[in-house]
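Asks: Here's the feature list from TrEMBL:
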- 45-64: transmembrane segment (TRANSMEM)
- 76-97: transmembrane segment (TRANSMEM)
- 127-150: transmembrane segment (TRANSMEM)
- 156-178: transmembrane segment (TRANSMEM)
- 233-255: transmembrane segment (TRANSMEM)
- 275-294: transmembrane segment (TRANSMEM)
- 326-345: transmembrane segment (TRANSMEM)
- 351-372: transmembrane segment (TRANSMEM)
- 384-406: transmembrane segment (TRANSMEM)
- 412-433: transmembrane segment (TRANSMEM)
Amino acid sequence: KLSLKREVGLMGAVSLIGGTMIGSGIFMSPQTVLATIGSPGASLVVWASCGLLVILASFCYAEMGTVIRESGGEYIYILRTSGPVVAFMLIFSSVLFARPAGVVGISLSFAQYVVAPFYSECAPPVLLVKCVAAAAIIILATVNCLNVRFSMSVQVFFMVVKVLSLAVIIVGGVVMLIRGHTENFQDSFENSNIGISPIGIAFYQGLWSYDGWNNLNYVTEELKRPEVNLPRAVIIAISLVTGLYLLVNVSYLTVLTPKELISSNAVAVTWNKVFGSWGWIMSLAAALSAFGSLNGTFFSGGRVCFVAAREGHMPDILSMAHVHRLTPSPALIFTTVVSLLVLIPGDFQSIVNFFFTAWFFYAITLAGLIYLKIKKPELPRPYKVPIILPILVLIAAVFLVLAPIIDDPQIEYLYVTLFIFSWVLIYIPFIHYKLYPSLLTKLTIFLQLFLQVAPAEKTC
């Protein structure tokens, strides 16, 4: 029988979390956070608050991952606590919208930094940016289909690159501070936009940069000693990333005026004035950073499809693994195709603004953890958090979902909500009543032979 191997150690786990978090957002979101919230001081408060929220949420997920030791993240937790209908709504919203949107957002930021040095005087052509983004998606899909250990090695390498590139930005900012460039921090809270909508949008932009904090929960079955390494990796990776993000934003605000920062399409390129003729190094570092983040997103995203198919919520072919390489290649190929389709009309800003759908399902997951704590206290818990912690994070998640909708209603929010709940219409005939077209069975057999894959079982 086939099953995915436990090949992710502590270093790989830290890299999977931190290496996915550090990538696109920290080079793309600071200008939008500042423009939305209105002042440098308030923007730093937003970045610190986002980091604190993610740390608290990740502690809750660490307990969830040691109680339910299955891959799949929110999907498997909601399936075990809230039932199959809600889990089905999550998986299709995730597979057809949230995950591909994440892949597209990161790939677009990677492409932006790759082509930016060649178009210093104007914006690069949209078609060129999307072609570069598509090439990155296809390359990393191939890497992840070939070998788990190799894709983890890629993740560790790019994690090191990311930390070094951010360290260079931080050191440059410290040098400028020592030289007395503190004018951007005078009256740092002046003109702050204190309102529900500005705070909500600023938080979405900041949290986009922290996205990936829950990546390790998607691959629990491939993690060595999950009861030990899951909490450790979470604490190490997210603490490191939060500290780096705060220092990088201080550096940005030291080197650039708020006006320069807001008007920048690629902030690390604008920051290059510190290095002069060597500024292209920062563009390269930012591109490599986004590339590594894209690899981590692919690695975990494919596992979500794989687990959902194994539970009967997606076509059987997606629950299969390659008979020799032991990678969930059909699920990875499916994620690639959907991401490429989303890339055609997608743009970075619109993708981030509808990031609230992710926090809707985070809220349901946290509610599930509270339920398990109250109703099933006898379950073994190698790692525990006080019940007040998931309650606080749940309140924050509900605020992030509802605040922008209440303060500034848009028809697009209704479309996204209808999209999420419309999957119940698919669930009733195809999952509940198990109506399978005979053509789908023939297609599954053909793809199984063509891709050399077979059903894979849970890793105990």
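Just so you know, glycine gets a Cβ as well, placed from its N, Cα and C.
Automatic, uncurated: that is what TrEMBL annotation is.
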Asks: By a Cβ-Cβ criterion of under 8 Å, what residues six or more beyond either terminus of the transmembrane segment (156-178) are in contact with it?
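Replies: Sequence-distant neighbours of the transmembrane segment (156-178): 11-12, 14-15, 18-19, 22-23, 26, 240, 244, 247-248, 250-252, 254-255, 268, 271, 274-275, 281-282, 285-286, 288-289, 291-293, 295.
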Asks: Do any residues of this chain, six or more beyond the ends of the transmembrane segment (412-433), have a C-beta under 8 angstroms from a C-beta of it, and if so which?
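Replies: Distant Cβ neighbours of the transmembrane segment (412-433) are 84-85, 88-89, 92-93, 97, 312-313, 354, 356-357, 360, 404-405.
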Asks: So, taking each listed stretch (45-64, 76-97, 127-150, 233-255, 326-345) in turn and counting its Cβ pairs to the transmembrane segment (384-406) that are under 8 angstroms, which one gives the highest count?
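Replies: Looking at each of 45-64, 76-97, 127-150, 233-255, 326-345 in turn, the most contacts to the transmembrane segment (384-406) are made by 45-64.
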Asks: Excluding the flanking five residues on each side, which residues at least 6 beyond the ends of the transmembrane segment (76-97) place their CB within less than 8 Å of a CB in that stretch?
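Replies: Contacts of the transmembrane segment (76-97) (Cβ under 8 Å, skipping residues fewer than 6 from its ends): 64, 68, 70, 217, 304-305, 307-308, 311, 313-314, 334-335, 338, 342, 357, 361, 364-365, 367-369, 371-372, 416, 419-421, 423-424, 426-427, 431.
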Asks: Short question: most Cβ pairs under 8 Å with the transmembrane segment (127-150), which of 45-64, 233-255, 326-345?
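Replies: The listed stretch sharing the most Cβ pairs with the transmembrane segment (127-150) is 326-345.
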Asks: Using Cβ atoms and a strict cutoff of less than 8 Å, what residues sit near the transmembrane segment (233-255) while being 6 or more residues removed from its termini?
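Replies: Result: 10, 13-18, 21-22, 26, 30, 40, 43-44, 47-48, 51-52, 54-55, 58-59, 61-62, 163, 166-167, 169-170, 172-174, 176-177, 181-182, 184-185, 209-210, 213, 216, 261, 267, 271, 273-274.
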